[in-house]
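S.K.: Mind having a look at this structure? Questions to follow.
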Amino acid sequence: MLLLLLGIIVLHVAVLVLLFVSTIVSSWLVGNGYSADLWQNCSTTTTGTWHCLTSSNNEWLQSVQAMMILSIIFSVLSLFLFFCQLFTLTKGGRFYITGFFQVLAAACVMAGASIFTVRHSEWQTAVNDPSYGFAYILAWVAFPLAAVSGIIYIILRKRE
Amino acid sequence: MESSGLRAPCSLLVLLSALVLPPTLAIEVYTDREVYGTVGSRVTLSCSFWSSEWISDDVSVTWHYQPDHSREMYSIFHYAKGQPSIDAGVFKDRIEWVGSPKWKDASIVLHNLELIDNGTFTCDVKNPPDVVGKSSYVHLQVQEKGAARAGLVLGIIIAVALALVIVVTILILLIRYCWLRRQVRVQRELSALERGKLHKAKDSSKRSSRQTPILYAMLDQTRGKASEKKGKGGIGDSRKDRK
């Protein structure tokens, strides 16, 4: 039981780390001497220095940002609720609320990454042939992990 | 722009001054990193500087402009010997000098912004003999009038989602609270009903208890001394019922 508990917590923390990294790190789109994330576009200038500019105010980009932030909020809330329920839940009860918020986080990160996939050409007009960076891939990895951990929470029964 | 031949000694001088003298002796120029404007409006490109030397009459200010997606950089504004002069170009009639070098201010105002004005503006100040120092650049982003402000949609989405979660949580708690209260009431009613049944049962027992003395009396008659205590108990029961 203790091992299972530890595994679940490790999985949850891993999801959180993935979400944070993919939200913050500046490589959703990478090109030659160019990288962009949700917050800024960076490129090498003529003088060879690394120069970053704030991203555009495109509505879709802002909704991607919102989805990523929401998924982080829900996942943190879920971890918090898990510890609450761990101590208050009666024996045999299920972690419904924890699981619900974790599944919500998974849905949010999926929505954000999907919107980015479909709409990124609207605000990334400067770069010629962009390829997806690792932060984008991490966001897609975080989605199934969060969903699995959420489902585990819902299935799990509390034992002594 | 200066020629690269001039740059090399300059950078050497910077190195020397950094090694020998305290770094505060070089001239420092400060601007914003990013400014926003809407089409048709004006925007102030603020630029301030700090020099260890006395601000002489020879102080000169130069603003350079580099459009986005262009490698060309050209000067758009000069201030030298107390005279501002606007260079020919896209900003010919749209620049206003609002700075005052005496107060270490070298700001300009751009009027009547257009979408193509997006670019990087560099503020360069020289205060002879204090001429060594980095220039500072500010990026101008011009938006259409109806364009969404930065962070507006972001804020709205997050606020709505969190508000939704909070409202749903409160609703669930309320429903649960009402349900619990109803449960308690039902329980109380049930128990009251049960008590009522008991009451009725006791009533019937009361009726029987009223008869009991007779019965007991009869028993008394039949069994004599042994049933005296039971008879007393029966009377006690009927007293309790009355209470």
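Just so it is clear, glycine is given a Cβ too, placed from its N, Cα and C backbone atoms.
Found this in Swiss-Prot, in case it helps:
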- B:222-243: compositional bias 'Basic and acidic residues' (COMPBIAS)
- B:27-141: domain 'Ig-like V-type' (DOMAIN)
- B:ASN118: N-linked glycosylation site (CARBOHYD)
- B:155-175: transmembrane segment (TRANSMEM)
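A description of the local structural setting of each listed feature is requested, covering burial, neighbours and distances.
M.R.: Mean pLDDT, taken over the domain 'Ig-like V-type' (B:27-141), works out to 86 on the 0 to 100 scale.
Cβ-based neighbour count (10 Å, all protein chains) for B:ASN118 (N-linked glycosylation site) stands at 17.
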S.K.: Please classify the secondary structure at B:ASN118 (N-linked glycosylation site) using three-state DSSP.
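M.R.: Where B:ASN118 (N-linked glycosylation site) sits, the three-state DSSP reduction gives coil.
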S.K.: Tally of helix, strand and coil residues over the domain 'Ig-like V-type' (B:27-141) according to DSSP?
M.R.: 6 helix, 59 strand, 50 coil
